[in-house]
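A quick write-up on the structure given underneath.
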């Protein structure tokens, strides 16, 4: 599991930052990539990475402001041109389907794959499979805005090889089935339950993504015990009043969430163009006074998300 920042600017692009997009790479787990918001020129940013558009199977849209969605029509069109694109699901607030369909219709663009739309209305579970579950909750912005919590389900414990050796289980398919927790039958007819040969389950990883919002209790609920929290940081700590007025957060707001909710690593994104160079690094410096595992995200930064412990 890896996370890559394709755009980290707030409102409009700057010389060093494109507008919002995050890629959650689940290649080892699902052979898929999920995008969170698709700002203008996202497909240009993707060209600078190893991401293949056909691997993108799910897109999660936090809200419908232009700097978070204007890249959708172009990306969807290019994904079609490149072929081999399977079904795609877009999760987002009311209006996202209308925006996409209108853009495609007016430009007479036809995509070669089905697009499913899931409208975000209430807090709770929006996706689940055997490996992951995704939850959403309403944030506090000028338009309906949602945060996301991606939860990897617990992983099976390690196979207890010393115990396996006592039963002379041969290498091969039987050992693999035992590791998967299944019941196997040995050549002498003895049955072994794989669950008896596994160590304790290991908790999966949790990634929380918070875009445009004022501080609100829902952020904490989404961020609880997250291995990675990505949080908007439009303003520095001295601009609390301005952040409140414009329905945004400061770097200190993000750091407090991370500190108070047992977060592993905090990444600051959605950075105003006023914070370049030393001013940008100051955001990170100030946030680290509250939560030391804080990182200022830059475009194309790529981080592996490892299992805790």
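Note that Cβ sites are derived from N, Cα and C of the backbone, with glycine treated the same way.
In this structure, residue 67 (active site, proton acceptor) is part of a helix by DSSP. Within the same chain, residues at least 6 positions away in sequence whose Cβ sits under 8 Å from that of residue 67 (active site, proton acceptor) are 9, 10, 11, 12, 19, 20, 39, 40. Taken from Swiss-Prot, the feature active site, proton acceptor applies to 67.
Annotation source Swiss-Prot lists Zn(2+) 1 binding site at 63, 65, 141, 212, citing sequence analysis.
Applying an 8 A CB threshold to same-chain residues 6+ apart, the list for residue 68 (Zn(2+) 2 binding site) reads 19, 20, 37, 38, 39, 61, 62, 211, 212. The feature Zn(2+) 2 binding site is assigned by Swiss-Prot to 67, 68, 212, 270.
A straight line from the CA of residue 270 (Zn(2+) 2 binding site) to the CA of residue 141 (Zn(2+) 1 binding site) spans 14 Å.
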